[in-house]
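Noted in TrEMBL for the protein shown:
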TRANSMEM  15-34  transmembrane segment
DOMAIN    15-430  domain 'Ammonium transporter AmtB-like'
TRANSMEM  46-64  transmembrane segment
TRANSMEM  112-132  transmembrane segment
TRANSMEM  139-159  transmembrane segment
TRANSMEM  190-212  transmembrane segment
TRANSMEM  224-244  transmembrane segment
TRANSMEM  256-276  transmembrane segment
TRANSMEM  288-305  transmembrane segment
TRANSMEM  311-330  transmembrane segment
TRANSMEM  342-362  transmembrane segment
TRANSMEM  382-403  transmembrane segment
REGION    433-462  region 'Disordered'
COMPBIAS  450-462  compositional bias 'Basic and acidic residues'
Amino acid sequence: MNAEEVVIASGNASWMLMSASLVLLMTPALALFYGGMSGRRSALNMMMMSFGTLGVVTVVYVLWGWSMSYGSESIGGIFANPFEFFGLRDSIVDESGNYLAGAAGYANVIDIGFQLTFAVISTALISGALAGRVKFGTWLVFSGLWATFVYFPLAHMVWGGGLLSHSENGVAALLFGTTDGEATIAPIDFAGGTVVHISAGTAALVLALMIGKRRDFLSSAQRPHNLPLVMLGAALLWFGWFGFNGGSAFAADGVAGLAWINTTAATAAAMLGWLAVEKIRDGRPTSLGAASGVVAGLVTITPAAGALTPVTSLILGVIGGGLACLGVGLKYRFGYDDSLDVVGVHLVAGLWGTIGLAFVATDIGVFTGGGADGMRLLGVQIAIALVAVVFAGAVTALIALLLRAVMGWRIDREAEFDGIDIHEHRESAYNDLVGYESRPSSLTESGGEESSRRKNEPTTQE
């Protein structure tokens, strides 16, 4: 490389190391966000689920996750050979001890670290649907299994040249043909609408249905116990997301800058969209709504961050925020206990971001000059979203059934009433909860007037 190329490569490497660090921060940020949203007696457990995921998924990613996601030996376009680069063999240095260059030109080991952090946060997101009622050990085993059999295959399908990529053997090529060995209408998933958010949101829905409701779901007031902690977590998630989306440009260039401004624009618009729906529906905007709207906006723009203008990002974001706010109420309509609104925020906003970008993608969207190709792009985006939902849902259900038979999911009834923090960890977030609080005198599976009044509000365990 000449001097100019060395400078560019060094800048790109520095940005990607920073991006990996920012995305890693998102998992502790999620712990704060979920911890504040949960009840006082389940705050530590909720945070431990994020930290436990960080441990488990990091280990399995180093052992076989990178190989399954980005190995060269693809198996049916669904996943790569887990043993090709097992333990990161032949992935860091060559026979002479020189660092291997990755696809983007900088050292491959940097990309490994960046992709590892995506696997961690994607798995941790699911935990929000299970607040206050599942065994910590079962969750840890689930984390490793889900990352292995859902996340790594989806990463390969979308980003590793598999079925949901622009490959000539992918779904998009099957639908609309190929040009020069690639799909004529290439699917767009800039930073993980399908791989991260649709998959995690679908898994959350499946687990909420299979594991069942909290014992006091809808029978007592269920509000976040620490809203400042929720807002701090949301702020740190927003900060970390600049690495998530900006880093997905894989260079310190204009695309990274575009992803940064689009992420900011869509997130701000989504927050306002969520608050507007709250004001119209409930008569008041809330701090929980602001924090949830921020996350919904971040989710919405994830698949589209490099494919929109700032103005179309505003449009995509404000709609995403409003839809996610409405989506939170689905759990009351259909009777599943998505404790911390993973389905409403990640599945609903993830689906909208993945599909909605086809309407406004720069030069190729339905309403931005794409014409017939814009409609074809819409078809491709719907197809990859549906495949992600079906694949993640089916495999998650199988994993959940296996763990139900082998380990069991639920803590016992008494432990759930007394608080999962004390039961699972022998700790409490607050000194006044070291002794058990009195249990509710009457707990049922359905609520009365209070639950009806609150049926559209985002709720969590008291």
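Just so you know, the numbers here start at 1 and follow the chain as drawn.
Here the Cβ of each residue, glycine as well, is placed from N, Cα and C on the backbone.
With respect to Cβ pairs under 8 Å, the transmembrane segment (15-34) is most closely packed against 112-132, considering the stretches 112-132, 190-212, 256-276, 342-362. For the transmembrane segment (46-64), same-chain residues at least 6 beyond its ends with a Cβ under 8 Å from one of its own Cβ atoms are 27-28, 30-32, 34-35, 37-38, 82-83, 86-88, 115-116, 119-120, 123-124, 127-128, 130-132, 136, 139-140, 143-144, 147-148, 152, 340, 424-425. The stretch from 139-159, 190-212, 224-244, 288-305, 342-362 with the most CB pairs below 8 A to the transmembrane segment (382-403) is 190-212.
Here the transmembrane segment (288-305) does not touch the transmembrane segment (139-159). Their Cβ atoms form fewer than 3 pairs under 8 Å, with each pair 6 or more residues apart.
The transmembrane segment (112-132) makes no contact with the transmembrane segment (311-330): fewer than 3 of their CB pairs lie within 8 A, with pairs spaced 6 or more apart in sequence. Same-chain neighbours of the transmembrane segment (224-244): 18-26, 28-40, 43, 118, 121, 191-192, 260, 263, 267, 287-288, 290-292, 294-295, 298, 302, 460, 462, counting only residues six or more beyond its ends whose CB sits under 8 Å from a CB of the stretch. Contact between the transmembrane segment (342-362) and the transmembrane segment (190-212) is supported by 3 or more Cβ pairs under 8 Å, counting only residues 6 or more apart in sequence. If you take every residue in the domain 'Ammonium transporter AmtB-like' (15-430) and average the pLDDT, you get 97.
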